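The active site, proton acceptor feature in TrEMBL is assigned to LYS217. For GLY21, SER22, GLY23, ASN24, TRP25, GLY26, PHE52, PHE109, ALA165, ARG281, LYS310, GLN312, the entry in TrEMBL reads NAD(+) binding site. If you look up TrEMBL, you'll see LYS132, ARG281, ASN282 marked as substrate binding site. Under the heading domain 'Glycerol-3-phosphate dehydrogenase NAD-dependent N-terminal', TrEMBL lists 17-184. Residues or ranges marked as domain 'Glycerol-3-phosphate dehydrogenase NAD-dependent C-terminal' in TrEMBL: 280-353.
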Amino acid sequence: MHIYFRINRVIRSIYDVTVVGSGNWGSVAAKLIASNTLKLSSFHDEVRMWVFEETLPSGEKLTEVINKTNENVKYLPGIKLGKNVVADPDLENAVRDATMLVFVTPHQFMEGICKRLVGKIRSDAEAISLIKGMEVKRDGPRMISSLISEHLGINCCVLMGANIANEIALEQFSEATVGYRKNKEIADKWVKLFHTSYFMVSCVQDVEGVELCGTLKNVMKALSKLLFPSVKDTTFFESCGVADLITTCCKYNQCIYVLNGTNYSPIITNKQACRSLVGGRNRRCAEAFAKNGGKRSFDELETEMLQGQKLQGVSTAKEVHEVLSHRGWLEQFPLFSTVHEICCGRLPPNAIVVYSEQTPDQSRGGSRI
């Protein structure tokens, strides 16, 4: 639905929002948005959320339970989404009237979703991707925002940042960055849609920089600028950059240090802020993988630990490795090559802390340790 009011000769539009995805992060995004659409006169109250239909152990459909209890009992149990969130198992129906589309699904499913939506969305729709990942082809990577724009013919911003979905759901302080290309007015609308007293959102004119920060993290600056020279240095100091790396990859009871002259001084201590540094799903599964000496595969750990969520780090490592190998950049990123080799089971977890200046073995696609 797209309603127009003529007030003093000015046409004012009311935007309809659909969230494409209903996992842990998708449900949290719907909660954030729903709390704001009730307050903002420029948005329709109802927030539609596309749900990949599943049958719960009780025999009930997940969509029906969400609409009945106002809770995603599988992916975000114990958190009320907002009474204005409506779960819809029909993708085409969910997006039909939307003028603002929020994409938040595992990145490996996005091309299939986009192909299903060709010709099914409004021509004036705007999109934003909350997806950390990229599509990799032999000739190089394609960012998810570009995939969306190319398939659907619409503008696509991105939102990435120093946040963990469960902490946002509990309304603990978090932040994020919206990356946009040209239209700051649209970026400001996305900021208003997501920003709350506990979720601080800002925007920068650098889609690729923001998206690559969220996707690559520990190799983000060097590789990001190799892939996209237009990426701005300042983007790495936004929430989507170094702050995201600290938040999602650190473990509780660690301390963060900053170089002060010739000495390192602590800037975050256990008592101050480490309660938020429990890390995301990638860090938790990586810890379990290491504790088991690499004898249990990531697929097995994903099934056991994530309850239906997808582990993004391993697939991202594989995809980035393909780019590095294809472009002859493996020697420039020995750490990343080693991570990939560990994920594939060709090296033990402790190889990450062993370094050798030997030339990477290109035939194996990794580093000699």
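Just so it is clear, glycine is given a Cβ too, placed from its N, Cα and C backbone atoms.
Annotations in TrEMBL come from automatic prediction, not curation.
Shown on the structure are the features that TrEMBL records.
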residue : record                 : contacts (Cβ under 8 Å, 6+ apart)
GLY21   : NAD(+) binding site    : ALA29, MET49, TRP50, VAL102, PHE103, VAL104, THR105
GLY23   : NAD(+) binding site    : TYR75, VAL104, THR105, PRO106, GLY308, GLN309, LYS310
TRP25   : NAD(+) binding site    : VAL104, LEU130, ALA165
PHE52   : NAD(+) binding site    : SER22, PRO89
LYS132  : substrate binding site : HIS107, MET160, GLY214, THR215, GLN312, THR316
ARG281  : substrate binding site : MET305, LEU306, GLN309, LEU311, GLN312
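Of all residue pairs in LYS132, ARG281, ASN282, the annotated binders of substrate, the farthest apart have Cα atoms separated by 13 Å. For ASN282 (substrate binding site), the number of other Cβ atoms no farther than 10 Å from its own Cβ, over all displayed protein chains, is 19. Looking just at the domain 'Glycerol-3-phosphate dehydrogenase NAD-dependent C-terminal' (280-353), the mean pLDDT is 82.
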